[in-house]
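Accompanying notes for the structure given below.
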């Protein structure tokens, strides 16, 4: 009897259910990772004419990355990369068919623009940024309009940039070859290839092209190509704005689509800590475009591990195949000839497991979503009416039960999410945050399982404690399913009216539940039969949401390693997991009511959670790995000099500054490197000095000043190009106005902090015609940040002026007397040889843990009051 009692149907479902779910997940994961084999040079002649050849692109990448990092301003970027690209382009031009005209030039651009980033805006000023601009037109059929392809050849600090953005650079080279060496290619419009040399430094290369190149006036649309990962599929995550025909071409001419409106809205809401040239080309150029990026598994993004060996020929082949078909189609698209006629409307788009793309306009989405929402509500009402008629129950009693079921289902969703959040809080409090960072499978046991338990517990408790005679158990399950469907329908209508295009994700459970409900209404919800109809209808939604789960985890998990140490990333993962759990199983969990031995369900969930929690507490749950998922650190050796208004030095010293990147900074480092145990928060430095007296590379780093740390340094940094800064002249062009002229000479990457004292305001300067809005104020003073870059290895002195207007001249008093402003000059030595590191600095870096990737270079600040 004991085996018969133990091995029951409930136990079978407890094994079979998770098994089927895991099987579907791994099938979608396999589908996501399956890429075409890279075409080799030896096989090129046997391939269809004009086929992208990955092996040649990989050879180009090997050459481009052979000198290591290509930081803007360095010799590797300004000279070597330019020479490599020009040589490759000239070779392509020599081999092109005679009907194609290929011209190229090296553009040197200078200019400025304003980046309105929330509370930390930037005035970006640049000199001699280098771009390589290649024009490809077909003789005799050129319309005068261009399709622009953009990728940047500079890399992040310390990174060889094989992925970001060397991958897309060599893809563009191979696309150029195939377009110009294939007689079957017919281009009505020209194709502009922009190899821009300064993206990592506030997207200055793209701006220089838009504002400074004459061919920019002929651009009709663009494709931006960037990378935040190393391998896998490229996702098309931004389009337009407006111009929905671009998505129609993507749908019709991309072999293996990977695009999602959800990714576009998440990126535009600022949930992704990154920016691309897409914003610059779209806003500054006013052009519509498509934004592509490798974005999955970005553990190596902007690290020294972003090297050639991390890029596969299969990845290059996949990207090349997709883009070649799209560029050929857009190169002869009628819409580009008069693009303004096709500007109306935005698109909703998503791919189904990378097999095909679904695309329609936002207007269509609004109509379809509201109609389906209304149909859903009508079906719920109709199904409830059938229950009243079939069971002969009193209508008011059934309606009361419907209302109670809706309340319980809503509370179950809240309970499931609450349990996941509780686990996140506990794990963070125990110091086990990010245990899933390298072992992402732990997320399922830690956060999916508690949410499933909460979704299951509500229906179980309600049915267990509230017994009613006018509904059988299957009828009560139906009420819970209808309640969840009602919630989806209300959300679909609400989000659609609110203009949230990502509401399309709710179409999957709604469409298929509507279909199975209609079938079951025809069958009059025949006992037991309706269950299998319902389960079959859940197959496609589960497949789609498994694919979405793969994407979200692949994109967002690595990002938690380069965010902030103040927020708990486990909370983010708990909320993501709760949302995905809701979409995956909320139309399945009410079946708990039909189980006789419900202890099997809850026992299985508890076992899965405990096993995962125990594994998370072992070394398997340590977040970081040396070669595959490193921990990121920014450690800067900085010299700071502060001056009184009379020019005398009021404070000076060298420090090591630690900028936080993840939840485990600085605790994990302090446990590994004893020297960092003495690190202190910036504390009152932020009250005493503008931007805490720290030479920030980008001013938004100041957001994390309360969680940043510093150590005193015994040795001052070595500076290969010392800063020379001085006040040249001071005059009063009008009463109450003071014009100060300065000259500065230093490395390629510099910044200025400008903050007029209280009662003074900035009314003019050299960096823009109009004064931009202030960023986060300091001491009730406006604060302006200038990012100042010099390219082309030309580090000539720069002269600029600042004009300050004083309120009520002669009457305004200040603790600093007649002073006008704080002005700090900052220099970053980010691409200079490691030989310039001091012995103490190098010794400190040598003690970093093996799993750490450390960006380390000297910085300089001198702060003046004038």
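Note: Cβ is positioned from N, Cα and C throughout, glycine not excepted.
Automatic, uncurated: that is what TrEMBL annotation is.
Fair warning: this is a prediction, and the values are worked out from it, not measured in the lab.
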- Message: Under TrEMBL, the annotation transmembrane segment belongs to which of these stretches: 343-365, 366-388, 619-641?
- Response: 366-388
- Message: If I go by TrEMBL, the feature transmembrane segment sits on one of 314-332, 599-617, 656-674. Which?
- Response: 599-617
- Which one of 477-497, 687-707, 708-728, 729-749 shows up in TrEMBL as transmembrane segment? 477-497
- Task: Could you tell me which of the ranges 232-259, 260-287, 400-427 is annotated in TrEMBL as transmembrane segment?
- Result: 400-427
- Task: Choose the correct range: of 439-465, 763-789, 790-816, 817-843, which one does TrEMBL annotate as transmembrane segment? Give that range.
- Result: 439-465
- Which bits of the chain, at least 6 residues beyond where the transmembrane segment (439-465) starts or stops, bring a Cβ under 8 A of a Cβ in it? 404-405, 408-409, 411-420, 422-424, 427, 473, 476-477, 480, 553, 557, 573-574, 577-578, 580-582, 585-586, 589-590, 592-593, 598, 601-602, 605-606, 608-609, 611-613, 615-616, 620-621
- Message: How about long-range neighbours of the transmembrane segment (503-523): same chain, 6 or more residues beyond its ends, C-beta under 8 Å?
- Response: 261-262, 348, 350, 365, 368-369, 372-373, 375-376, 379, 382-383, 386, 481, 485, 488-489, 491-492, 495-496, 529-530, 533-534, 536-538, 540-541, 544-545, 548, 583, 586-587
- Task: Mark yes when the transmembrane segment (12-32) and the transmembrane segment (400-427) have three or more Cβ pairs under 8 Å (sequence separation 6 or more) and no when they do not.
- Result: no
- Message: Return the average pLDDT for the domain 'Peptidase M28' (131-326) as a whole number.
- Response: 93
- Do at least three C-beta pairs under 8 angstroms join the transmembrane segment (366-388) to the transmembrane segment (12-32), pairs 6 or more apart in sequence? no
